[in-house]
Amino acid sequence: MGDVVQMHFSTVDYVIFVLLLVASAGIGLYYAFSGGRQRTTQEFLLADRSMRCLPVSLSLLATFQSAVAILGAPSEIYTHGTQYWFLGCSYFLGLLIPAHIFIPVFYRLRLSSAYEYLELRFCKTVRICGTATFIFQMVIYMGVVLYAPALALNAVTGFDLWGAVLAMGLVSTLYTALGGLKAVIWTDVFQTIVMFAGQLAVIIVGTHQAGGIAEVWRKAQNGSRISGLDLNPDPLERHTFWTLGVGGVFLMLALYGVNQAQVQRYLSSRTEKEAIMSCYAVFPCQQVVLALGCLMGLVMYARYGEESPLDKGYVKTNDQMVLYFVMDVLRDLPGLPGLFVACLFSGALSTISSAFNSLATVTMEDLIKPHVPAMTEARATLLSKMLAIGYGLVCLAMAYLASLMGSVLQAALSIFGMVGGPLLGLFCLGMFFPWANSTGALVGLASGLVMAFWIGIGSFVSRMSPPAINATIMPDVGNMTTAVITTLITAKPRPSGVQALYSLSYMWYSAHNSTTVVVVGLLVSFLTGPWKEKDLNPGTIFPVLGTLLFFLPQRYREKLCCVTPLEDKPKGLDHQPYLMAQKKSNGVACTNEEDKIREEEGEQITAQPTCNLAHTVQETAL
């Protein structure tokens, strides 16, 4: 690398970057020493179920908008064109379904962990398997989210790599452990604003330097970077309207429907209505975020054309290209590079702090509390804080492992996508198919995970292995055009058999893996004795089949268990899947009217179930 590449921060840039970290830590300290001072698990893990719609929606957005997405989306647009923009079509169903199906079920059951649902619907073993799968998924992803932006920053600016990793890891651990979910949500709000400001600054300055938005668009069109609607139904094509618009729906459902980091935000809302509204509010914000990422990619193309910094050797990977562009565009404007880096690290901080909090919650609620029912509230809260700190240290260790992996970073991101699909399938199996039983759920989850890792690792290995065909078929001729055409024709035949499975677009991973869980789960359930309506805990089924099969007579729908309404309550304690710790309410199908009455009587709603019975851009950015 030459001198042209190594760009350095000014003092102002460092000041802005440090201010971001100080402000984030300050919000955590504020919530540690105000209000209830995080003395109960209810306040620490669920923000006392007191959050309003706006902060919850911005937090939902920030959790998804990681540094990997901020670095990845513009590089994707620069390299492949605007086809990726059609991912926005998947947001509509990807947020509408969680708002009207998943949120009502989770909220009315008064859960703390999404995986409590799996015990209510199936059994304790399914719950523990779901929880373990989620922990595995998030621990791997955290290391990548922490390491990727620090590596890009180090390569382009010479910013100390492990200094950046430690600063991010320790600050997010500090405010998560001190301030709980309330601090995580409010720092997410602050960090979302910084993210928008950083991206906007780069787009405005870059567009001005390129000669205006019309000139940016003209250059992108001339360079064939403005993509039309590609309706090719081939699932092996990396990005088409169908892979992004339909496959993306399943990716969004895995993230916004059943991921604990997001479910926990819904459950922290004051009412079910506010939880649903926060999901609605994410939709326009997501579209704005996608538009900003895509616009930055077009501005990058207008500046560099076909001669990318990657081709010239100024940077080593696609992820570093965006930071190089930012430092190049903003080099004469002290403070703005620092603002963008603050924006980048805001994305990383918001993602990993959410991960710490959700991991502490599932470990506490799913793995510790059921086995230590007599634990005092003070001890449980202290243990939750220690878990958040513990996961922070694990995150730093994973960042170190990510540094050793090198090119396996994309494999780690694929693992995040691969694990989300089977978990989505497990929840869909329980929520929509009343006759699915515990054995079916366990075998289905195992099959989904095996299929996910088989395709994911097979795809990675086949991508990494050099195509031997090129070496043998390249003819030794003077006319290079003929040589290139011959290579393209012979080196890229349509894959068949197992190779076709490995060539599946990563956007279909979630859909494919969740469908595997549902199909295998139903088959095994029928073979081992499907459950009847009387075997089910009321409130755990969303009656979507009853709506779809409205044309069948009532008696047939009863045989198919399609008539269970969501609002049903257990008839007595003997039907109750769990007992409420401190309240008379049975915890199932607790309606908004009941909430209002109890609030009017001055009673704080802190009911928590205790089990008494013997579970991106992911890879969206890439």
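Note: Cβ is positioned from N, Cα and C throughout, glycine not excepted.
According to TrEMBL, the protein has these features:
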- 14-33: transmembrane segment (TRANSMEM)
- 53-72: transmembrane segment (TRANSMEM)
- 84-107: transmembrane segment (TRANSMEM)
- 161-181: transmembrane segment (TRANSMEM)
- 193-214: transmembrane segment (TRANSMEM)
- 239-258: transmembrane segment (TRANSMEM)
- 279-302: transmembrane segment (TRANSMEM)
- 339-362: transmembrane segment (TRANSMEM)
- 382-402: transmembrane segment (TRANSMEM)
- 408-433: transmembrane segment (TRANSMEM)
- 440-461: transmembrane segment (TRANSMEM)
- 506-527: transmembrane segment (TRANSMEM)
Segment proximity, the transmembrane segment (440-461) to the transmembrane segment (382-402), 3 or more C-beta pairs under 8 Å: no
Contact call for the transmembrane segment (53-72) and the transmembrane segment (279-302): at least 3 Cβ pairs under 8 Å, seq gap 6+: yes
Beyond the flanks of the transmembrane segment (279-302) by 6 or more, those residues with Cβ under 8 Å of it: 53-54, 57-58, 60-61, 64-65, 69-70, 73-78, 82, 84-85, 87-88, 91-92, 95, 98-99, 103, 196, 199-200, 202-203, 206-207, 210-211, 215-217, 219-220, 223, 225, 256, 266, 321-322, 325
The transmembrane segment (339-362) in contact with the transmembrane segment (84-107), cutoff 8 A, at least 3 CB pairs, sep 6+: no
Segment proximity, the transmembrane segment (239-258) to the transmembrane segment (161-181), 3 or more C-beta pairs under 8 Å: no
